[in-house]
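Comments concern the structure below.
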Amino acid sequence: MSEMQGNKIVVDPITRIEGHLRIEVEVEGGKIKNAWSMSTLFRGLEMILKGRDPRDAQHFTQRACGVCTYVHALASVRAVDNCVGVKIPENATLMRNLTMGAQYMHDHLVHFYHLHALDWVNVANALNADPAKAARLANDLSPRKTTTESLKAVQAKVKALVESGQLGIFTNAYFLGGHPAYVLPAEVDLIATAHYLEALRVQVKAARAMAIFGAKNPHTQFTVVGGCTNYDSLRPERIAEFRKLYKEVREFIEQVYITDLLAVAGFYKNWAGIGKTSNFLTCGEFPTDEYDLNSRYTPQGVIWGNDLSKVDDFNPDLIEEHVKYSWYEGADAHHPYKGVTKPKWTEFHGEDRYSWMKAPRYKGEAFEVGPLASVLVAYAKKHEPTVKAVDLVLKTLGVGPEALFSTLGRTAARGIQCLTAAQEVEVWLDKLEANVKAGKDDLYTDWQYPTESQGVGFVNAPRGMLSHWIVQRGGKIENFQHVVPSTWNLGPRCAERKLSAVEQALIGTPIADPKRPVEILRTVHSYDPCIACGVHVIDPESNQVHKFRIL
């Protein structure tokens, strides 16, 4: 349902089970001129945690989502580790890193193939492909052998699905009936569709690898304040099991994911000029010392104004959360340690408030977090594995570094981050195995609560910088705030009316067909929002409102 009252547009959201997001945009002259990102779900986890034992935090926070899973547990545990001042054993850090590495591999594969691919790949067009020609192309792109027969089998599956009339997840796909924004040759569509199906099996292996150290997936239960508990995973046979699964997934990443990414991107190079933002922030990830952000394998840093010649150090003291345009009491910005979560529902745009998300700002400015931020900082800091991967992508596509600041660059960065993390997993695994063989099997350090203290845990999750902030007194949580990647990227305006990252990125995006705005989905999905989404397009020239589901 929607209505227009003067300049005020109200659109009911379309929601899904993993969360609720609505995007409103105004289109003028075939391009987006204004955008609003609206989260319509209130959870109030911070309120639930007050008065509880800090050790309980991870069990609540990671259940905010079954997709993000481990990252919230790790952020909570790191926050309490920091709060009590415990130094965890090296093996515990390695085990945490290995589980996070497996999460990166799983998360980015699922995103590219199963959450984002349909924005670029026309599955129906795969029926028009020549399987023999497609097989030759696949073999030219990758050292992995692809047969004509295997692609014929995929075509048969797609044909049977189409002829059944029961299209399942493809029912509302924008490519059905043809769409001018889909430009891949039929053979590339067929290859991508085949790998879409194969990735369903591969991602299970990554999830199983996570569960070897994490005890289960989703919602790991091996982290504790002071380290880890999964001593069983130190057995040689368990380490060998992880290594086998890891190698299978890494091979798929190197020989399939990256080649598919480059193949698809080559036909959409115009998207290197769409979806641009200006500021980027990352806390880095995969530490050797949990208390030193500079010890992390992928570096921390801040980039201003798309300037790769300079990277500032990240200063956590400069973070504030704004609520002037959110459904919370007050209008003042607060540092997370002083954060207040008191809901105040109005209506959409009532008192100018339009989202349950707060608006994080760093030094008063909106920042993008996520794979693109991480890759840009690492590239600017001459992080060797990242430089090698980025240069390969730029050379293959025939574009310069400026192309990274875009929807296409954001999607490519996710693959680059997946690749560089996967390559380093073997280093951590070898180190853990060597420690165990040398008789070094400690995973936990004992600790005590101070009378009162505060702490923060930073995790560079697959979707971007995540932080949990805790204040405890007498072993009970007095205040708890979490600042998640989606609030950085998909939050509302701040007190200074500065747009969030996705709101900025959508401005100027061309829309070929307002009734099927796949262009909006491409940019929104490039952030991998961990919430269900509804997209609405308002055309001020016709006063017509269109509702869409993100597929």
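Note that Cβ sites are derived from N, Cα and C of the backbone, with glycine treated the same way.
Annotated features, as they stand in Swiss-Prot:
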BINDING   C65, C68, C530, C533  Ni(2+) binding site
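Counting every protein chain shown, the number of other Cβ atoms lying within 10 Å of the Cβ of C65 (Ni(2+) binding site) is 19.
Per-site Cβ counts within 10 Å over the binding-site residues C68, C530 peak at C68.
Reduced to three states, the DSSP call for C68 (Ni(2+) binding site) is coil. Secondary structure at C530 (Ni(2+) binding site), taken from DSSP and collapsed to helix, strand or coil, is coil.
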